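Peer 1: My questions all concern the structure below.
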């Protein structure tokens, strides 16, 4: 009963974060998927205690949950710390083993093979946890409360991992049930702290940005013309200005009511517009490269999005206005 309610609680948290919570969708998707994975694995333990002879589908579902806990913990921790996007193929690499392993549990692996498969995966989970703890330790968070919340997540997942280790090191069904209870404590720990934390069940916290940071970002855009650097990223600007990337995001939003990529393109297009008005015999593509665009197609798309017309039509329109 104790562990069963914990599984239900985990599923509730997963549903809330994935389907209801609207802000910070990427982080909430990772965290919701993590709770879902933990619930699947603990649910398998409960089912195994009640029904020692389990169908392959139940074992495979439990394995899927177990094998995803490690990657999802690392993904959430890394994203929460940096708030930067990572190429999809990076995530895909980490999902190969869970997917292949789940298929093998359905089709090939039987009896004792299940136990070995689960043990190997629990060891792999340990290395993911080590990496997640390292990322959390060296990271600077935008809020102390967010840092505290993410540490609580790692504590809970570590407790769940220890519960799985306990199950592997013991032999009796009662010990197996105790392991499920220990894992359930991890879920309850997160849920109770979630109720008290503004990170989960309250509106997103407002970030206070230093006026000095705002000034530095403004100077970078308006005087140093940082947007002219081809392929400039928020992390590169962060290193240049010695300002955390998430604070640059907030500075740009406060100054220009735009995202960082939108602001970069906005300044590039503004400069091209000015140059088109003062230079007659200049190639538009050359201007695009000068202001930082890597390809003409990217420039034309951005120009059309901002002005609603092509550079040629823009120049003709401005000529008519001044005639």
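Keep in mind that glycine also has a Cβ here, set from the backbone N, Cα and C atoms.
On a predicted model such as this, the values are computed, not experimentally measured, just so you know.
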Peer 1: According to TrEMBL, which listed range is transmembrane segment: 29-51, 213-235?
Peer 2: 29-51
Peer 1: Kindly report the helix/strand/coil residue split of the domain 'HTH araC/xylS-type' (215-317) according to DSSP, in that order.
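Peer 2: Within the domain 'HTH araC/xylS-type' (215-317) the tally stands at 76 helix, 0 strand, 27 coil.
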